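In Swiss-Prot this protein carries:
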| type | residues | note |
| --- | --- | --- |
| BINDING | Thr14, Thr15, Ser16, Thr268, Gly311, Gln315, Gly412 | ATP binding site |
| BINDING | Thr14, Arg18, Thr268, Gly311, Gly412, Asn416 | ADP binding site |
| BINDING | Arg84, Glu85, Tyr136, Asp246, Gln247 | glycerol binding site |
| MOD_RES | His232 | phosphohistidine |
Amino acid sequence: MSQEKYIMAIDQGTTSSRAIIFNKKGEKVSSSQKEFTQIFPQAGWVEHNANEIWNSVQSVIAGAFIESGVKPNQIEAIGITNQRETTVVWDKNTGLPIYNAIVWQSRQTAPLAEQLKSQGYVEKFHEKTGLIIDAYFSATKVRWILDHVEGAQERAEKGELLFGTIDTWLVWKLTDGAAHVTDYSNAARTMLYNIKELKWDDEILEILNIPKAMLPEVRSNSEIYGKTAPFHFYGGEVPISGMAGDQQAALFGQLAFEPGMVKNTYGTGSFIIMNTGEEMQLSENNLLTTIGYGINGKVYYALEGSIFIAGSAIQWLRDGLRMVENSPESEKYALDSHNNDEVYVVPAFTGLGAPYWDQNARGSVFGLTRGTSKEDFIKATLQSIAYQVRDIIDTMQVDAKTAIQVLKVDGGAAMNNFLMQFQADILGIDIARAKNLETTALGAAFLAGLSVGYWKDLDELRTLNETGELFEPSMNESRKEQLYKGWKKAVKATQAFAEIDD
C-alpha cells in the first residue's frame, strides 16, 4: 500500500517559526511553532539572530513530524514563506552570518533612506522598483551591514559574502549551500530589483555600491529550487518547490487569482494586497507596486499598503501595558466599552506606513477624559487597526480606479470578531474571513504542490479554501464618516507633534 503524501510549509515569521503539514484537501494535519529572540540594540532598531532562526526552523520541522507521525519521505514537496525585507549577510564558506539579521521593522537605516531622498532618487527608485525609498526595504539594510562590519565591503567585492532575505537564507541552509536563490515576490521587496525588467537593477546597485556577486538568483514562485540535504531534513531528500514572501503567499492562499481581488492579513503588521494582473500599475498615492507572484511563465503584479503596527498593538496592550492577559481577551474588553468612540490611539510606534510614510511619527493617544476606562483604551487600540486599513483601502480604490466590494481577511487578529465587525462598518463593505486562517502557509504549500503535480492547477486549488464567515456593515454613513474624520485629525496631530522642533 502506498503511503499518503503531504506538503510541508515552513512559515518563518517575525516573532516565530512554524512548520505545517497539509494534506491533499488543503487541511492542516499538524503544526509546530517556536518563538525566537527579538533583539533591540537601540531605540527603533530590531534585529534577529539568523542562526537562531535556522535552529527554530529545524526544531519546528521535527515538531511537525513528531505531532503527526508523518515521515520525511512522505513529504512530496516543501513550500517556504517568510517575513519579507529582513536582511541577512553571511560568509559563503563558513555559512555564518557576519551580523544579525536586520528586521523589516527596524529603523536603524532611516538616515541612509533620508540621504537617498535628499540626493533626488525618489522618482528613479519608484519607477524601477515600485517602492517608496524607506528603511523598511532591504537595500539600505545591506548597505548598513557593509558599512558597519569591518572589511565587509571588500569581502563582498571578492565574492566571499552572500546576501539574502529569509527565504534565501533558509533554502541555502536546507540545501547545504547548494542553492542561493530567491523568488519574484521577495526580490521585489529589496529595493534593488527592477520589477518591470525582472532583473537586479545595475544602476541602483551602483548608487548603493552593493556588489552584484552577493545577490541570489531570482526564480519564479513555483518551481524546484533544490532538494533538502538529508542531514538537514531528518534523512529526507525533498524538493523545495514553492516560495513567496508572507503577504504574497497569503494572497495566493486566499485564491485571489483574479485582478481586483484584495486580501488583508492581520499579523504583526497589516498588509493589504490587490492583484492587478499582468499590468504593472505605479501608485500615484504612496502605495507600493510589487510583484504578487509569478507562475507558469507569467508575472502578476499587485498594489500593496503596509501598516507597520496591527497585531503588535494588541501585543503591546498585553506585554507593555499589561491591560490584557492574552490577545483574545481584547475582544471581551472592547465589547464592554460604553464610551462614544471619542478615544483615538495612533500606534505609530515605528513611524507610519502607507499612505503616510512618516518615519518620524511616534505613537499617540487623543480624546482621554477622566471617565476613560481600560475598556475604552483597548477598544480604541483595536479600532486603530481598522482605521489604518480604511486609509489604505480608500487609497487603493483611487489608484486602481475600481470599487472594492469585498475584503478577504486572514491572520491572527482576524479571529477578533469585534475588530472584524468594526472593520466592515468603517469600510462599508463585506469582510470575508477565510475558513482556514493559515492562508500564508497554505499559499506556500499551494505553490510547492503545483510545481510537483501534487495539485493539478488553479481550478483544483479553488475548491480547497472556502470563506468561513462574512461580516456585513451595520453602521450608518454619517456615523462612519464622523468616526473616520476623528481618526484623520488624530493622525494629523501625531505628525505635527513629530515635526515640532525642540
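Here the Cβ of each residue, glycine as well, is placed from N, Cα and C on the backbone.
Computed from a predicted structure; not experimentally measured.
DSSP assigns Thr268 (ATP binding site) to coil in the three-state reduction, placing it in neither a helix nor a strand. Among the recorded positions Arg84, Glu85, His232, Asp246, Asn416, the residue whose Cα lies closest in space to that of Gly311 (ATP binding site) is Asn416. The glycerol site in the record is lined by Arg84, Glu85, Tyr136, Asp246, Gln247, and its two most distant CA atoms lie 15 Å apart. For the binding-site residues Glu85, Asp246, the greatest number of Cβ atoms within 10 Å around a candidate Cβ is found at Asp246. In terms of Cα spacing, the recorded positions Arg84, Glu85, Tyr136, His232, Gln247, Asn416 that come within 10 Å of Thr14 (ATP binding site) are Arg84.
Taking CA atoms as the reference points, Ser16 (ATP binding site) and Asp246 (glycerol binding site) are 13 Å apart. Cβ atoms within 8 Å of the centroid of the Cβ atoms of Arg84, Glu85, Tyr136, Asp246, Gln247 (the glycerol site) belong to the same-chain residues Gln83, Thr86, Trp104, Arg189, Gly245, Phe271, Ser306, site residues excluded. Of all the binding-site residues listed (Thr15, Ser16, Thr268), Thr268 sits in the most crowded Cβ setting, with the most other Cβ atoms within 10 Å.
Ranking the binding-site residues Thr14, Gln247, Gln315 by C-beta neighbours within 10 Å puts Gln247 at the top.
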